[in-house]
Amino acid sequence: MKFELDTTQGRARRGRLVFERGTVETPAFMPVGTYGTVKGMTPEEVRATGADILLGNTFHLWLRPGEEIMRKHGDLHDFMNWQRPILTDSGGFQVFSLGDIRKITEEGVHFRSPINGEKIFLDPEKSMQIQNSLGSDVVMIFDECTPYPATEDEARKSMQMSLRWAQRSRDEFDKLENPNSLFGIIQGGVYEDLRDESLKGLVDIGFDGYAVGGLAVGEPKADMHRILEHTCPQIPTDKPRYLMGVGKPEDLVEGVRRGVDMFDCVMPTRNARNGHLFTTEGVIKIRNARHRDDTSPLDDKCDCYTCKNYSRAYLYHLDRCNEILGARLNTIHNLRYYQKLMEGLRGAIETGTLDAFVEEFYTSQGREVPEVPELTD
């Protein structure tokens, strides 16, 4: 992987990630394909929304279908028929989410399979081996997602163990002679000094990119912004910056303003299945009876397949009848909305009009533009 940085406006960055399997324009949003599929979508449909790269879930693909079946197909690209870049998470966050059915030690994590209750052990070495089998273009280190709330001492111990796991991940990745890219994950909770220590340790080890982890786990939005404002400028300029698991459209806008290059989140697809649809004027709840006889499209500024062909009334009807097509059309729209937002952000950075773009983004929804500190490096 090669990261090319074209231009900046404030801290916002316009560039691209160049892989053998294709180029990813940044800032970029990655749809989530947890089980080797973006729910309800074919790869061709996902690509048509403007997606250049997908996120796969190491933990779930390891449990089902497993490495052996994956290898029989070649790798995850062949298994799901997506011949473009794929980033896989390490499984650390999913283990974190298991709560009481897992036990974290220095060696790794012991837990019971959420599928059949089988006892399973996952450590940095195994995570690297699984992601190698998946053929991931971007491999994430195995780390512990620091919970919120956590005391500074708790966050320090978690972060320092994640640093030791980062070294083990790097060593195993190199041992496997994996030709792809490995990203480090900055931890430290809401404590700036711990974020500094984490980043320094990761840079000393050396990675192809750096993710900001452990955010969007329940902390106030102001804390997330503060950590991004503090941490992003310290990440090496020539490396991509990835904010994991984020988020709402406004979170992407605010992340880009603070120097983030990559995002992923289940929100556009999950919300689509629940009838919550993103538009330039705000969120539409298609289950609301007000849409029952509305012949207008979801968003007259959207160029997606759904908006060009179907009315709000039809989408309301599909939802009321629990038709699968409704969830699919909603997903197409939400994913296109996210990709169009990223296209707009990229174009605004290129032309030096980011401030005007951000103002239009908020005012078109009847919202005030959030103030941002003077973001100069």
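These residue numbers are counts, starting from 1, taken along the chain as shown.
Every residue gets a Cβ built from N, Cα and C, even glycine.
Looking at 154-158, 229-233, 269-273, 299-303, the range annotated in Swiss-Prot as region 'RNA binding' turns out to be 269-273. The range from 21-27, 245-251, 287-293 that Swiss-Prot describes as region 'RNA binding' is residues 245-251. For the substrate site, Swiss-Prot lists ASP89, SER90, GLY91, GLY92, PHE93, ASP143, GLN187; matching the candidates GLY50, GLY214, GLY218 against that entry yields GLY214. The annotation in Swiss-Prot ties CYS302, CYS304, CYS307 to Zn(2+), and of the candidates under consideration, HIS276, HIS333, the one tied to the same site is HIS333. For the region 'RNA binding' (245-251), the list of distant contacts is 93, 215-217, 224, 263-265, 267, 278, 337-338, 341, 361-362: same-chain residues at least six beyond its ends, Cβ to Cβ under 8 Å. Comparing the Cα of HIS333 (Zn(2+) binding site) with the Cα of every entry in ASP89, GLY91, GLY92, PHE93, GLN187, these being the binding-site residues, the smallest distance points to ASP89. When Cβ atoms from all protein chains are considered, those within 10 Å of CYS304 (Zn(2+) binding site) total 22, not counting its own.
Proximity of GLY91 (substrate binding site) to non-local residues of its own chain (separation of 6 or more, Cβ distance below 8 Å) is seen for ASN57, THR58, PHE59, TRP62, LEU122, SER127, ILE130, PHE142, given in sequence order. Here the binding residues for substrate are ASP89, SER90, GLY91, GLY92, PHE93, ASP143, GLN187, GLY214. Their largest Cα to Cα distance works out to 15 Å. DSSP assigns ASP264 (active site, nucleophile) to a strand.
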